[in-house]
């Protein structure tokens with residue numbers, strides 16, 4: 001039977017609908033299904049955001065040819081967002097990289113040379129020489145790596161081992177520093193453990209949703225569809241949305257609040273005051289499970305020490321705090337009255353009161369959601385702490401339908417960056433490099449000499465840029481990220497270091513991104529289902545997938561690159577004599593033998609793979625590398641509240657939420673009956689803290705690092721749009737997504753445009769103290785800024801909005817504030 005494309009699509013839809021309804025399938029549809037049998041289907045988590053949707057990947061003749069939502073996936077229940085439906089096309093852009101490229105002139109490496117194809121051996125030869133020279137001349141602090149919340153779990157673990165144990169350098173940081181670091185520090189300060197206590201199942205049981213700086217309609221659309229269903233199917237459910245500009249999530253809001261940038265801190269303290277003044281504290285919960293502390297203030301803005309703002313700060317970078325009484329806390333928040341809050345924020349009083357009443361009502365189960373509006377904030381950690389205060393005052397936490405929930409933006413910002421510990425200060429399972437006991441645990445497990453892992457915190461993302469510019473960091477390897485486009489203050493603090501002849505820059509990527517084109521060596525990288533992988537999503541759900549196709553040309557996975565490069569170094573080339581003397585049996589061994597081909601990692605044979613199962617790395621090495629690395633890594637968390645299931649369980653399940661104890665996942669942490677670590681009779685136990693109590697912090701409003709003035713008279717906020725993901729390096733290569741939103745625009749209030757003689761569609765020069773870009777005026781559409789603020793997405797490589805942004809960071813988390821800087825507009 002031959003069918004036209006139209007008939008095929010129609011019959012396929014009929015077959016799908018009939019199957020869903022449990023009806024008999026028409027003959028023509030059965031014929032279509034028969035034609036489709038040549039397609040092989042397997043499960044995988046989506047490649048994009050931190051929601052962790054499950055998809056079914058269809059492969060045929062060595063290519064990914066189809067993708068659909070996985071109806072058995074509990075996160076998305078068969079639904080995809082627009083990006084998810086086009087997943088296959090991200091892999092087959094016309095400019096996909098397939099061989100290593102080195103800048104060369106006259107047959108040799110030259111910083112100003114043209115990119116020239118070379119072999120992997122030649123690439124590793126150059127890298128080996130650069131690494132060894134830097135290590136010999138300047139030591140481990142002269143090398144660094146910038147990784148990703150898109151790394152698989154074992155890629156992040158392998159990278160962390162290579163740098164922290166092998167090269168003895170903590171100068172490794174993920175791009176999650178730009179998005180989730182404030183959430184991490186907020187969790188650690190309040191609860192002593194990272195990541196949310198609740199899960200997505202809360203959505204169907206909540207009475208109210210409050211979005212703090214989160215446009216879930218575009219950034220987490222599948223979760224938003226579940227919230228929308230909950231809101232529209234129950235008239236008693238309320239949605240409040242807070243933002244510095246109006247966006248698509250406001251369409252569902254019962255209370256849509258637009259506030260002055262940075263003044264969310266004021267609103268949070270006002271609500272705490274309202275709860276106290278209206279006797280809405282859950283006294284039983286509060287008295288048993290909460291401590292009060294006053295945090296250090298005037299902590300600076302994470303700029304260079306020579307910056308006037310840093311010189312003026314009384315307590316730069318301080319996370320110190322001291323105990324305080326309830327009466328002192330009550331007096332502290334009492335300053336944040338309704339009148340003062342309305343004046344400072346620009347929010348009408350009635351809207352503020354409506355918002356506060358949601359938290360104060362003992363019969364309302366409330367979920368607080370936030371993403372970059374809170375985290376990309378010079379007081380992002382404080383914002384996280386302050387929203388926890390509201391839930392701790394009212395006891396609305398760790399129970400179905402209520403709790404604070406930090407949403408993530410990358411597929412494994414939680415599972416890899418945070419849980420594995422690829423930050424410059426972290427080790428697996430919430431351990432840190434500054435703690436001698438934690439270092440000792442890792443060194444013993446890894447069978448390396450004591451004192452191998454440095455106690456000094458390495459360079460975080462922004463500090464890496466500065467060190468490159470200053471000539472202190474000389475060899476720099478970035479993987480699975482496009483920081484030349486995504487990071488702040490490109491002109492002043494990033495590009496100078498990358499193009500400095502003292503420095504050698506390596507970029508591993510599937511495509512010639514802005515970062516790749518600014519590098520010295522480009523390594524072609526396998527992506528998504530071209531390798532076996534694992535991600536951890538925002539609700540602590542760890543999900544696995546199998547390799548389903550092979551990468552094009554000579555492209556190799558990040559894991560392969562890390563492990564194979566480690567063969568180039570022997571212990572005596574990277575470790576001092578005093579370390580080798582502690583374990584002389586490691587002399588003469590390569591880092592590959594010491595870190596990866598160990599008895600513990602290599603004990604899982606390749607025969608555990610199905611005969612026809614692709615796994616390029618393991619089949620080349622002769623052992624099941626991914627399983628060995630995962631089981632070694634999982635050991636750190638088991639028995640300590642971070643329990644992961646056995647490796648094989650994840651290939652069978654649609655993800656499991658840790659802690660997984662006795663085969664059972666955990667939906668709600670810290671509460672009796674839900675969390676296996678909370679004993680009968682304890683009620684609640686925040687066991688990340690020694691006394692089992694969470695902390696409420698007293699923290700004030702402090703202004704932004706840069707605000708509009710007479711010359712630079714507008715706030716600039718940056719972010720994403722539905723159709724594109726981050727810098728667009730994948731989504732802009734999907735024709736349908738590119739057509740839907742082909743270039744960045746400057747969203748602006750019509751009156752602000754009119755005052756500058758600008759009309760919709762005009763070209764406009766956007767200028768800050770650091771740089772300028774040309775964009776296009778948009779006075780309508782999905783984003784409607786108030787007067788005084790403009791919004792611009794960062795997906796467009798032709799409009800590098802981060803030439804404009806300031807590299808101010810939260811001094812505690814070191815996360816950049818991409819939401820607030822000052823600009824002016826000039827008509828072109």
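Glycine too: its Cβ is placed from the backbone N, Cα and C atoms.
For reference, Swiss-Prot has these:
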{"type": "BINDING", "residues": "46, 49, 53, 81", "note": "[4Fe-4S] cluster binding site"}
{"type": "BINDING", "residues": "83, 150, 175, 179, 212-219, 243-247, 262-264, 372, 376, 482, 508-509, 531, 558, 718-727, 802, 819", "note": "Mo-bis(molybdopterin guanine dinucleotide) binding site"}
{"type": "BINDING", "residues": "794", "note": "substrate binding site"}
{"type": "DOMAIN", "residues": "39-95", "note": "domain '4Fe-4S Mo/W bis-MGD-type'"}
{"type": "SIGNAL", "residues": "1-31", "note": "signal peptide"}
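Overlay of Swiss-Prot annotations on the structure.
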residue	record	Cβ within 10 Å
46	[4Fe-4S] cluster binding site	28
49	[4Fe-4S] cluster binding site	27
53	[4Fe-4S] cluster binding site	29
81	[4Fe-4S] cluster binding site	24
83	Mo-bis(molybdopterin guanine dinucleotide) binding site	22
246	Mo-bis(molybdopterin guanine dinucleotide) binding site	20
372	Mo-bis(molybdopterin guanine dinucleotide) binding site	26
721	Mo-bis(molybdopterin guanine dinucleotide) binding site	25
726	Mo-bis(molybdopterin guanine dinucleotide) binding site	23
794	substrate binding site	22
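The two recorded residues, residue 46 ([4Fe-4S] cluster binding site) and residue 246 (Mo-bis(molybdopterin guanine dinucleotide) binding site), have Cα atoms 28 Å apart. Within 10 Å of the C-beta of residue 213 (Mo-bis(molybdopterin guanine dinucleotide) binding site) there are 24 other C-beta atoms, taking all protein chains into account. Under 8 Å, Cβ to Cβ, and six or more positions away along its own chain, residue 531 (Mo-bis(molybdopterin guanine dinucleotide) binding site) finds 152, 547, 551, 557, 559, 616, 617. Each residue contributes its Cα atom, and for residue 372 (Mo-bis(molybdopterin guanine dinucleotide) binding site) and residue 49 ([4Fe-4S] cluster binding site) these two points are 13 Å apart.
Mean pLDDT across the domain '4Fe-4S Mo/W bis-MGD-type' (39-95) comes to 96 in this model.
Residue 83 (Mo-bis(molybdopterin guanine dinucleotide) binding site) sits 11 Å from residue 53 ([4Fe-4S] cluster binding site), counting Cα to Cα. Sequence-distant contacts of residue 218 (Mo-bis(molybdopterin guanine dinucleotide) binding site), defined by Cβ-Cβ distance under 8 angstroms and a gap of at least six in the same chain, are 247, 248, 249, 720, 721, 722, 782. Of all the binding-site residues in the list 49, 81, 213, 246, 726, the shortest Cα-Cα distance to residue 794 (substrate binding site) is found for 726.
Put simply, 726 is the one of the binding-site residues 213, 246, 726 whose Cα lies nearest to the Cα of residue 49 ([4Fe-4S] cluster binding site). Between the C-alpha atoms of residue 81 ([4Fe-4S] cluster binding site) and residue 726 (Mo-bis(molybdopterin guanine dinucleotide) binding site), the distance comes to 15 Å. Summary of the [4Fe-4S] cluster site environment: with the site residues 46, 49, 53, 81 set aside, the chain residues having Cβ atoms within 8 Å of the Cβ mean position are 48, 51, 52, 76, 80, 83, 84, 221, 222.
Residue 213 (Mo-bis(molybdopterin guanine dinucleotide) binding site) falls within neither a helix nor a strand when secondary structure is assigned with DSSP, and so counts as coil. For residue 213 (Mo-bis(molybdopterin guanine dinucleotide) binding site) paired with residue 53 ([4Fe-4S] cluster binding site), the C-alpha to C-alpha distance reads 22 Å.
The DSSP secondary structure for residue 53 ([4Fe-4S] cluster binding site) is coil.
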